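Peer 1: From Swiss-Prot, for reference:
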type	residues	note
BINDING	D28, S57	Mg(2+) binding site
BINDING	Y176, L177, E178, A179, G180, S181, G182, G207, G208, G229, T230	sn-glycerol 1-phosphate binding site
Amino acid sequence: MGELRIGKVEKYIHEKLEKKKLHFVLIDPDDTSPEVAGKLARVCEELGVDAIMVGGSTGAEGEVLDNVVRSIKDNSSLPVILFPGSHGGISRYADAIFFMSLLNSRNPFFITGAQALGAFTVKKFGIEPIPMAYIVVEPGETVGWVGDARPIPRHKPKLAAAYALAGQYLGMRLVYLEAGSGAPEPVPEEMVRVVKSVIDVPLIVGGGIKSGEQAKKLIKSGADIIVTGTAIEKAKSLEEARKRLEAIRNGVFV
(Lines of atoms letter the chains of each structure in order from A; the text may use other names.)
(Lines give C-alpha, C1' and ligand atoms only; values in the text may rest on other atoms or scores of the structure.)
Protein backbone atom coordinates (compact mmCIF):
# COMPACT_ATOMS: atom_id res chain seq x y z
CA MET A 1 0.00 0.00 0.00
CA GLY A 2 1.26 3.49 -0.85
CA GLU A 3 2.43 5.43 2.16
CA LEU A 4 0.52 8.61 2.93
CA ARG A 5 3.12 11.34 3.12
CA ILE A 6 2.71 14.90 4.30
CA GLY A 7 3.75 17.23 1.49
CA LYS A 8 6.31 20.00 1.39
CA VAL A 9 3.97 22.95 1.99
CA GLU A 10 2.13 21.27 4.86
CA LYS A 11 5.49 20.40 6.42
CA TYR A 12 6.58 24.03 5.99
CA ILE A 13 3.41 25.17 7.82
CA HIS A 14 3.99 22.76 10.71
CA GLU A 15 7.68 23.61 11.05
CA LYS A 16 6.95 27.34 11.12
CA LEU A 17 4.14 26.84 13.66
CA GLU A 18 6.63 25.28 16.06
CA LYS A 19 8.33 28.67 16.25
CA LYS A 20 5.55 31.24 15.81
CA LYS A 21 2.00 32.03 14.71
CA LEU A 22 1.51 32.59 11.00
CA HIS A 23 0.01 35.19 8.70
CA PHE A 24 -1.36 34.23 5.27
CA VAL A 25 -2.61 36.74 2.72
CA LEU A 26 -5.51 35.86 0.42
CA ILE A 27 -5.52 37.28 -3.10
CA ASP A 28 -8.75 37.05 -5.09
CA PRO A 29 -8.02 36.79 -8.84
CA ASP A 30 -11.46 38.26 -9.54
CA ASP A 31 -10.42 41.54 -7.93
CA THR A 32 -6.66 41.62 -8.52
CA SER A 33 -4.78 41.86 -11.80
CA PRO A 34 -1.65 39.69 -12.28
CA GLU A 35 0.50 42.84 -12.14
CA VAL A 36 -0.93 44.01 -8.81
CA ALA A 37 -0.84 40.45 -7.43
CA GLY A 38 2.88 40.28 -8.22
CA LYS A 39 3.57 43.58 -6.48
CA LEU A 40 1.50 42.54 -3.46
CA ALA A 41 3.42 39.25 -3.29
CA ARG A 42 6.70 41.12 -3.18
CA VAL A 43 5.46 43.34 -0.34
CA CYS A 44 4.12 40.27 1.50
CA GLU A 45 7.49 38.55 1.34
CA GLU A 46 9.36 41.67 2.48
CA LEU A 47 7.06 41.99 5.49
CA GLY A 48 7.39 38.36 6.59
CA VAL A 49 4.01 36.99 5.48
CA ASP A 50 4.24 33.18 5.52
CA ALA A 51 2.18 32.11 2.48
CA ILE A 52 -0.14 33.46 -0.17
CA MET A 53 -3.56 31.95 -0.76
CA VAL A 54 -5.26 32.44 -4.11
CA GLY A 55 -8.99 32.09 -4.66
CA GLY A 56 -12.39 33.51 -3.92
CA SER A 57 -15.98 32.50 -3.41
CA THR A 58 -17.16 33.50 -6.88
CA GLY A 59 -14.55 31.22 -8.39
CA ALA A 60 -12.06 32.75 -10.86
CA GLU A 61 -10.61 29.97 -12.98
CA GLY A 62 -8.68 29.15 -16.15
CA GLU A 63 -6.33 31.75 -17.55
CA VAL A 64 -7.39 34.47 -15.09
CA LEU A 65 -6.35 32.26 -12.17
CA ASP A 66 -3.20 30.93 -13.88
CA ASN A 67 -1.92 34.41 -14.69
CA VAL A 68 -2.34 35.61 -11.12
CA VAL A 69 -0.63 32.52 -9.67
CA ARG A 70 2.27 32.80 -12.14
CA SER A 71 2.76 36.47 -11.37
CA ILE A 72 2.92 35.71 -7.63
CA LYS A 73 5.42 32.88 -8.24
CA ASP A 74 7.56 35.15 -10.45
CA ASN A 75 7.71 37.87 -7.80
CA SER A 76 8.18 35.94 -4.56
CA SER A 77 9.38 32.64 -3.16
CA LEU A 78 6.41 32.26 -0.80
CA PRO A 79 4.30 29.10 -1.13
CA VAL A 80 1.14 29.66 -3.17
CA ILE A 81 -1.84 27.75 -1.81
CA LEU A 82 -5.09 27.53 -3.77
CA PHE A 83 -8.25 28.40 -1.88
CA PRO A 84 -10.88 27.29 -4.39
CA GLY A 85 -14.51 28.42 -4.45
CA SER A 86 -15.32 25.33 -6.50
CA HIS A 87 -13.72 22.59 -8.61
CA GLY A 88 -12.72 25.09 -11.32
CA GLY A 89 -10.41 27.02 -8.98
CA ILE A 90 -7.35 24.87 -9.68
CA SER A 91 -4.12 26.10 -11.28
CA ARG A 92 -1.23 23.83 -12.28
CA TYR A 93 1.21 26.57 -11.22
CA ALA A 94 0.31 26.54 -7.51
CA ASP A 95 2.33 24.69 -4.86
CA ALA A 96 -0.60 23.33 -2.86
CA ILE A 97 -4.36 23.41 -2.51
CA PHE A 98 -6.50 23.57 0.59
CA PHE A 99 -8.57 20.51 -0.28
CA MET A 100 -11.50 21.57 1.80
CA SER A 101 -15.02 20.57 2.66
CA LEU A 102 -17.56 23.19 3.72
CA LEU A 103 -18.84 21.13 6.61
CA ASN A 104 -21.85 23.27 7.48
CA SER A 105 -23.25 23.59 3.95
CA ARG A 106 -26.81 22.47 3.24
CA ASN A 107 -25.67 21.41 -0.22
CA PRO A 108 -23.71 18.15 -0.65
CA PHE A 109 -21.98 19.72 -3.67
CA PHE A 110 -19.87 21.87 -1.32
CA ILE A 111 -19.24 19.02 1.12
CA THR A 112 -18.02 16.35 -1.32
CA GLY A 113 -19.36 17.07 -4.84
CA ALA A 114 -16.96 19.78 -5.98
CA GLN A 115 -14.13 17.83 -4.32
CA ALA A 116 -14.88 14.72 -6.40
CA LEU A 117 -15.00 16.82 -9.58
CA GLY A 118 -11.66 18.47 -8.78
CA ALA A 119 -9.75 15.47 -7.41
CA PHE A 120 -8.39 14.12 -10.71
CA THR A 121 -7.25 17.59 -11.78
CA VAL A 122 -5.27 17.98 -8.54
CA LYS A 123 -3.69 14.57 -9.14
CA LYS A 124 -2.93 15.26 -12.81
CA PHE A 125 -1.27 18.60 -12.04
CA GLY A 126 0.67 17.13 -9.10
CA ILE A 127 -0.55 19.83 -6.70
CA GLU A 128 -0.11 19.04 -3.01
CA PRO A 129 -3.54 18.56 -1.39
CA ILE A 130 -3.93 19.70 2.24
CA PRO A 131 -7.18 18.34 3.72
CA MET A 132 -9.08 21.06 5.55
CA ALA A 133 -12.36 21.42 7.44
CA TYR A 134 -13.98 24.69 6.39
CA ILE A 135 -16.61 26.13 8.73
CA VAL A 136 -18.58 29.29 7.96
CA VAL A 137 -19.51 31.51 10.90
CA GLU A 138 -22.09 34.32 10.91
CA PRO A 139 -22.41 36.56 8.94
CA GLY A 140 -20.76 34.34 6.31
CA GLU A 141 -20.90 37.05 3.63
CA THR A 142 -20.55 35.90 -0.01
CA VAL A 143 -19.03 32.51 0.78
CA GLY A 144 -21.93 31.64 3.06
CA TRP A 145 -24.42 32.56 0.37
CA VAL A 146 -22.62 30.89 -2.55
CA GLY A 147 -21.76 27.79 -0.50
CA ASP A 148 -25.34 27.48 0.79
CA ALA A 149 -24.01 27.35 4.37
CA ARG A 150 -25.94 27.38 7.60
CA PRO A 151 -23.55 29.83 9.25
CA ILE A 152 -22.68 29.00 12.87
CA PRO A 153 -24.39 31.58 15.15
CA ARG A 154 -21.77 33.85 16.74
CA HIS A 155 -23.01 33.07 20.26
CA LYS A 156 -22.80 29.27 19.79
CA PRO A 157 -19.08 28.43 20.07
CA LYS A 158 -19.76 24.80 21.01
CA LEU A 159 -21.49 24.26 17.69
CA ALA A 160 -18.37 25.43 15.86
CA ALA A 161 -16.25 23.20 18.10
CA ALA A 162 -18.41 20.16 17.30
CA TYR A 163 -17.94 20.72 13.56
CA ALA A 164 -14.21 21.32 14.01
CA LEU A 165 -13.72 18.14 15.99
CA ALA A 166 -15.81 16.17 13.50
CA GLY A 167 -13.54 17.52 10.76
CA GLN A 168 -10.46 16.37 12.64
CA TYR A 169 -11.99 12.93 13.23
CA LEU A 170 -12.79 12.69 9.52
CA GLY A 171 -9.07 13.06 8.88
CA MET A 172 -8.80 16.74 8.05
CA ARG A 173 -5.47 18.19 9.10
CA LEU A 174 -6.47 21.85 9.39
CA VAL A 175 -9.58 23.66 10.61
CA TYR A 176 -10.59 27.01 9.12
CA LEU A 177 -13.15 29.30 10.80
CA GLU A 178 -14.48 31.77 8.24
CA ALA A 179 -16.54 34.88 9.05
CA GLY A 180 -16.63 35.78 5.35
CA SER A 181 -14.61 38.17 3.26
CA GLY A 182 -15.28 41.77 4.29
CA ALA A 183 -17.32 40.73 7.36
CA PRO A 184 -17.95 43.65 9.76
CA GLU A 185 -16.43 41.64 12.64
CA PRO A 186 -14.04 38.67 12.75
CA VAL A 187 -14.92 35.29 14.27
CA PRO A 188 -15.63 35.87 18.01
CA GLU A 189 -12.65 35.32 20.32
CA GLU A 190 -14.69 33.03 22.57
CA MET A 191 -15.48 30.78 19.61
CA VAL A 192 -11.80 30.59 18.69
CA ARG A 193 -10.97 29.70 22.30
CA VAL A 194 -13.57 26.92 22.53
CA VAL A 195 -12.66 25.42 19.14
CA LYS A 196 -8.94 25.48 19.93
CA SER A 197 -9.55 23.75 23.27
CA VAL A 198 -10.98 20.63 21.59
CA ILE A 199 -8.88 20.14 18.44
CA ASP A 200 -5.29 18.97 17.96
CA VAL A 201 -4.77 20.34 14.46
CA PRO A 202 -3.79 23.91 13.52
CA LEU A 203 -6.61 26.47 13.56
CA ILE A 204 -6.91 29.07 10.81
CA VAL A 205 -9.13 32.13 11.29
CA GLY A 206 -10.19 34.47 8.49
CA GLY A 207 -12.76 37.06 7.51
CA GLY A 208 -13.27 40.58 8.85
CA ILE A 209 -9.74 41.00 10.28
CA LYS A 210 -8.84 44.60 9.56
CA SER A 211 -6.45 45.63 12.33
CA GLY A 212 -3.40 44.45 14.23
CA GLU A 213 -5.42 44.61 17.43
CA GLN A 214 -8.03 42.19 16.08
CA ALA A 215 -5.31 39.83 14.86
CA LYS A 216 -3.60 39.96 18.24
CA LYS A 217 -6.81 39.09 20.13
CA LEU A 218 -7.51 36.13 17.83
CA ILE A 219 -3.96 34.84 18.24
CA LYS A 220 -4.26 35.17 22.04
CA SER A 221 -7.56 33.26 21.86
CA GLY A 222 -5.86 30.34 20.11
CA ALA A 223 -5.68 31.00 16.36
CA ASP A 224 -2.54 29.51 14.81
CA ILE A 225 -2.86 31.19 11.43
CA ILE A 226 -4.53 34.50 10.55
CA VAL A 227 -5.78 35.14 7.02
CA THR A 228 -6.34 38.64 5.67
CA GLY A 229 -7.55 39.53 2.21
CA THR A 230 -10.08 42.28 1.70
CA ALA A 231 -8.27 44.63 4.10
CA ILE A 232 -5.30 44.57 1.73
CA GLU A 233 -7.30 44.59 -1.53
CA LYS A 234 -9.32 47.62 -0.43
CA ALA A 235 -6.13 49.65 -0.02
CA LYS A 236 -5.96 52.55 -2.47
CA SER A 237 -2.24 52.13 -3.10
CA LEU A 238 0.59 49.68 -2.60
CA GLU A 239 1.93 51.91 0.15
CA GLU A 240 -1.37 51.77 2.02
CA ALA A 241 -1.48 48.00 1.53
CA ARG A 242 2.00 47.78 3.03
CA LYS A 243 0.94 49.83 6.08
CA ARG A 244 -2.16 47.69 6.66
CA LEU A 245 -0.17 44.48 6.23
CA GLU A 246 2.47 45.68 8.63
CA ALA A 247 -0.12 46.55 11.28
CA ILE A 248 -1.76 43.13 11.00
CA ARG A 249 1.58 41.35 10.93
CA ASN A 250 2.60 43.10 14.14
CA GLY A 251 -0.60 41.82 15.74
CA VAL A 252 0.12 38.25 14.63
CA PHE A 253 3.75 38.18 15.72
CA VAL A 254 3.15 39.18 19.34
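Placed from the backbone N, Cα and C atoms, the Cβ positions cover glycine too.
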Peer 1: How long is the line from the C-alpha of G182 (sn-glycerol 1-phosphate binding site) to the C-alpha of D28 (Mg(2+) binding site), rounded to the nearest angstrom?
Peer 2: 12
Peer 1: Near Y176 (sn-glycerol 1-phosphate binding site), which residues of its chain come within a Cβ-Cβ distance under 8 Å, counting only those 6 or more away in sequence?
Peer 2: F98, M100, M132, A133, Y134, I135, L203, I204, V205, G206, V227
Peer 1: Could you measure between G180 (sn-glycerol 1-phosphate binding site) and D28 (Mg(2+) binding site) for me? Cα positions, answer in whole angstrom.
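Peer 2: With the alpha carbons as reference points, the distance is 13 Å.
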Peer 1: By a 10 A CB contact count over all chains shown, which of the binding-site residues listed here is most packed: D28, E178?
Peer 2: E178
Peer 1: Fewest other Cβ atoms within 10 Å: which of the binding-site residues G180, G182, G208 wins that one? Let me know.
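Peer 2: Fewest other Cβ atoms within 10 Å, among the binding-site residues G180, G182, G208, is found for G182.
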Peer 1: Taking the Cα atoms as reference points, how far is E178 (sn-glycerol 1-phosphate binding site) from D28 (Mg(2+) binding site) in Å?
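Peer 2: If we compare the Cα positions of E178 (sn-glycerol 1-phosphate binding site) and D28 (Mg(2+) binding site), the gap is 15 Å.
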Peer 1: In the three-state scheme derived from DSSP, which category covers Y176 (sn-glycerol 1-phosphate binding site)?
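Peer 2: In the DSSP reduction, Y176 (sn-glycerol 1-phosphate binding site) maps to strand.
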Peer 1: Could you state the whole-number distance in Å separating the C-alpha atoms of D28 (Mg(2+) binding site) and G208 (sn-glycerol 1-phosphate binding site)?
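Peer 2: About 15 Å separates the two Cα atoms.
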